[in-house]
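Note sheet for the following structure.
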Amino acid sequence: MSKKLYIKTYGCQMNVYDSVKMQDLLYPYGYEPTENIEEADVIILNTCHIREKAAEKTYSELGRIKKLQDARKKQGLNSAIIVVAGCVAQAEGEEIFTRTPYVDIVVGPQSYYNLPELISKVVRHEKHLIDLDFVEEAKFDQLPEQLYPQGASSFISVQEGCDKFCTFCVVPYTRGAEFSRNVEQVYREALKIVSSGAKEIMLLGQNVNAYHGKTSDDKVFTLADLIRHLVKIPNLERLRYTTSHPIDMTDDLISLHGLEPKLMPFLHLPVQSGSNKTLKAMNRKHDRDYYFDIIDRLRKARADIVLSSDFIVGFPGETDEDFADTLDLVRKVKYGQCYSFKYSPRPGTPGATRTDQVPEHIKSERLTILQKELAAQQLAFNESCIGSTMKVLFDRDGKFDDQIIGKTPYMQSVYIKNPNKDLLGKIIEVKITKAALNSLSGEIYR
């Protein structure tokens, strides 16, 4: 009889990728995935620590799991093994056992390949096991090949960690220094994914455009080199990458956007603020004019490229003038979509120790203003697509039985009617008929 594995994933696409790999790791040991937490023998929370709210979600979920465990005991059933993985695990370590002593295993994002051994120890009645080692090479060397197809659009982690040390960010402390996978390893995984039916691959990294992986003969590949290598794979039709840092946007990578048709005309390029003073305080290593120059060069390389970004409002010391500079940058760049957040002090980061924290109500006011502007830009872009035809990759079911959902080259969700679902996994020409803030509707173009 197989054992059941339940994984709940928080945060970024890298965590989604890691969760798939945890699933692949445990399958040979008899653990099959389930979406029903109540039948799980092992429960893994793959956590995010980028903001305080994200971290607290972990403890809230652990509280719910504790109630589930208590109910199982009353019924005479065995308790599930509880694992906290990911960036909260890396950041808080033993504190997790202090706050939630019923957790069995705490494992960081660079050491989860040891999960089979850790779980077997818990089965043998060992308790409070922790593994937070930063051994990136061992992690990638010991991860299994893909067992469960991810679908028409799949992720591959090619780079982890960050050396930039932005003063608001925990990534260097939770994911470690920048590390790039070797080229052959990435290529083999991409080949396997495409052979299982994927049409699109998203290359992942905390700072993916800093990629500097080696080949077997010690030649160093940049991200542009890696893309040129991967697009040769037969039946791979689309390639994307995220997340990028402006200072690592090389001339070669920028020009590749205009030369390689498989590289999609959409780029997530976080700037965080439009104020030079705030950018310096954040240790972003560039100013607003540098960012504008990157955007101009990208648009010269490919006129139809669409940008998205991340913004943080209320970083310590941010004034009304600084916030006005952010709004000015947003209005000048004109984004297709964006993510925006209130600054959240993270323990251990320089920003958290500053005495000029912005009051919460001011952060909220600024976020409301910024999100209104960003939403207007996103809606305007979506509405500009009405009447056009786009190639859409349909990769998932919709809410209704006769509906499927796909992605445009610009990462917009598109809904169409397809009762027999025969278009899933295919790229189809669609005429856009309606637009909303977060999605498009269309019909098959004939």
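Positions of Cβ are set from backbone N, Cα and C atoms, glycine also.
Record features (Swiss-Prot):
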BINDING   Cys12, Cys48, Cys87  [4Fe-4S] cluster 1 binding site
BINDING   Cys162, Cys166, Cys169  [4Fe-4S] cluster 2 binding site
DOMAIN    3-124  domain 'MTTase N-terminal'
DOMAIN    148-380  domain 'Radical SAM core'
DOMAIN    383-446  domain 'TRAM'
Problem - Cβ within 8 Å of the mean position of the Cβ atoms of Cys12, Cys48, Cys87: remaining residues of the chain near [4Fe-4S] cluster 1 - result: Tyr10, Gly11, Met14, Asn15, Thr47, His49, Ile50, Ala54, Gly86, Thr174
Problem - Residue among binding-site residues Cys162, Cys166, Cys169 with Cα closest to the Cα of Cys48 ([4Fe-4S] cluster 1 binding site) - result: Cys169
Practice task
Summarise the model confidence on the domain 'MTTase N-terminal' (3-124) as a single mean pLDDT, whole number.
Solution key: 91
Practice task
Quick one: pull the CA-CA distance for Cys12 ([4Fe-4S] cluster 1 binding site) versus Cys169 ([4Fe-4S] cluster 2 binding site), whole Å only.
Solution key: 14
Practice task
Check the binding-site residues Cys12, Cys48, Cys87, Cys162, Cys166 for other C-beta atoms within 10 angstroms of each C-beta and report the one with the most.
Solution key: Cys87
Handout entry: Cys87 ([4Fe-4S] cluster 1 binding site) and Cys166 ([4Fe-4S] cluster 2 binding site), distance between Cα atoms, whole Å
Key = 17
Practice task
Would you mind listing, in sequence order, the residues at least six apart from Cys169 ([4Fe-4S] cluster 2 binding site) in the same chain with a Cβ closer than 8 Å to its Cβ?
Solution key: Ile50, Cys162, Arg346, Thr349
Problem - Within the domain 'MTTase N-terminal' (3-124), residues counted as helix, strand or coil by DSSP - result: 66 helix, 25 strand, 31 coil
Exercise for the section: Using the recorded [4Fe-4S] cluster 2 site (Cys162, Cys166, Cys169) as reference, state which further residues of the same chain have their Cβ within 8 Å of the centre of those residues' Cβ atoms, listed in sequence order. Expected result: Lys164, Phe165, Phe168, Val170, Val171, Pro172, Gln206
Practice task
Go ahead and report the DSSP secondary structure tallies for the domain 'TRAM' (383-446): helix first, then strand, then coil.
Solution key: 2 helix, 33 strand, 29 coil
